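Trainee: Can you read through this structure? Questions will come right after.
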Amino acid sequence: MTPEACGVTFHRVDAEPPGGPLQSGSEQRTGLAFGFAAYGMWGLLPLYWHLLGAASASEIMAHRMVWSLPVAVVVLAVMRRWAWIRPLLRQPKRLGLILVCATVISVNWFLYIWAVNAGHVLEASLGYFINPLVSIAFGVLVLRERLRPLQWTAVGVGALAVVVMTVAYGKVPWIALALAFTFATYGLVKKGIKLDGIEGFSAETAMQTLPALGFLVFLGMRGDSGFTTGGVGLALLLAGCGIATAVPLICFGAAAVRLPLSTIGMMQYLAPTFQFVLGLTVFHEEMPPERWAGFALVWLALAVLTWDALRTGRRGRAALADAGARASEAAVAETAAVEPVVAEAAVAEAAQGARAAAPLEGPGRAGPTTPPGRPTP
């Protein structure tokens with residue numbers, strides 16, 4: 001689970017948010033704390049899904065949708081963010097895009113929950129590791145974006161990693177690819193909606209809720225509902241899916257307004273890293289040499305991608321600073337050129353006023369002298 005899946009869309013990691021560099025040290029420390037909390041919770045979600053193993057992946061997903069809506073409504077009420085709803089209801093195209101997003105992210109959620117409870121945590125983490133590479137490939141194929149050489153290198157190394165694992169295992173790592181491609185599709189469609197995090201999350205959840213609620217009623221009628229047959233503990237955990245979904249999103253929102261996007265971009269790798277560690281140490285999944293080789297290639301690709309983004313960001317900031325310095329110098333030079341002209345005009349105006357007043361104060365026309373400080377009678 002990552003921000004994109006909660007309605008938060010990543011921007012370029014080489015950009016800065018408005019006022020980003022101007023944040024105080026305490027604000028940045030607070031932002032880092034919120035960021036680590038968000039990505040830590042997303043990375044540790046496999047532990048939560050594992051506790052729900054008595055329920056099917058489809059039921060867990062449905063409860064996640066249903067219980068997320070009241071949490072989203074409470075957050076919107078606290079933030080007083082209702083103004084976006086009425087204009088959205090008058091735009092069928094955006095509603096259609098939200099429906100597509102809700103559908104794609106539902107598939108992503110189901111695959112992720114199923115993968116965790118079926119013993120594929122490592123492959124799920126691989127999917128979120130390669131997601132940035134798939135998103136870049138989508139940018140080229142769909143949006144006709146132009147890549148820098150290092151970006152091409154990163155995509156190529158990532159593709160090589162998939163080939164290595166396919167040859168070694170004798171099958172395509174379809175879980176990782178499905179998670180990455182559904183995520184990338186979600187992000188691509190999300191670009192056309194233009195809703196902020198909690199707003200997009202609320203709109204998508206609203207569209208998911210009725211079908212999910214109908215599915216849960218169907219399970220209950222068949223007697224297959226873990227919520228009604230699995231005991232109080234399981235029921236409470238299923239109801240807690242909404243909080244488990246919303247709290248990391250809120251923490252991420254608090255981090256995003258306090259940190260540069262370059263920092264947020266690098267922190268996005270924390271969640272799959274935590275998932276990877278859990279797969280190894282808690283779920284004890286196998287990690288043969290060929291899988292290590294595939295992961296190593298993916299990590300190399302991400303290192304190249306991150307280095308390119310940071311280098312491009314530094315160059316962009318340097319160019320902006322240089323442009324600002326040149327603009328300041330030009331403004332100073334223009335001011336220096338204008339000031340003599342203004343001064344000369346002021347002197348000329350004063351001289352003209354003096355010449356106009358001279359006949360009144362000439363010989364024979366001088367008035368009575370008034371001592372300083374004494375009023376004229």
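The backbone N, Cα and C atoms fix where each Cβ goes, glycine too.
As annotated by TrEMBL, domain 'EamA' applies to 30-166. Taken from TrEMBL, the feature transmembrane segment applies to 32-52, 64-83, 95-114, 126-143, 150-168, 233-257, 269-286, 292-310. Look at TrEMBL and you will find 354-377 tagged as region 'Disordered'. Look at TrEMBL and you will find 354-368 tagged as compositional bias 'Low complexity'.
Tell me what's around each of these sites.
Mentor: Same-chain neighbours of the transmembrane segment (32-52): 1-3, 60, 112-113, 116-117, 121, 124, 226, 234, 237-238, 241, 244, 247-249, 251-252, 254-255, 258-259, 263-264, 267-268, 270-275, 278-279, 282-283, counting only residues six or more beyond its ends whose CB sits under 8 Å from a CB of the stretch.
Remote same-chain residues near the transmembrane segment (64-83) are listed as 106, 109, 113, 198-199, 201-202, 205-206, 208-209, 212-213, 216, 238-246, 250 (criterion: CB distance under 8 Å, separation of at least six residues from the stretch ends).
Residues 2, 151, 154-155, 158, 161-162, 173, 175-181, 183-185, 187-188, 268-269, 271-272, 275-276, 294-295, 298-299, 301-302, 305 of the same chain, all 6+ positions outside the transmembrane segment (126-143), place their C-beta atoms under 8 angstroms from a C-beta of that stretch.
Sequence-distant contacts of the transmembrane segment (150-168), counting only residues of its own chain at least 6 positions beyond either end whose CB sits under 8 Å from a CB of the stretch, comprise 130, 133, 136-137, 177, 288, 290-291, 293-295, 297-298, 300-302, 304-305, 307-308.
For the transmembrane segment (269-286), same-chain residues at least 6 beyond its ends with a Cβ under 8 Å from one of its own Cβ atoms are 1-2, 36, 39-40, 42-44, 46-47, 50, 119-122, 124-129, 295, 302.
Sequence-distant contacts of the transmembrane segment (292-310), counting only residues of its own chain at least 6 positions beyond either end whose CB sits under 8 Å from a CB of the stretch, comprise 12-14, 126, 129-130, 132-133, 136, 148, 150-151, 153-158, 160-162, 164-165, 168, 173, 262, 265-266, 269, 276.
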Trainee: On the 0 to 100 scale, where does the mean pLDDT of the domain 'EamA' (30-166) fall?
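Mentor: That region's mean pLDDT is 92.
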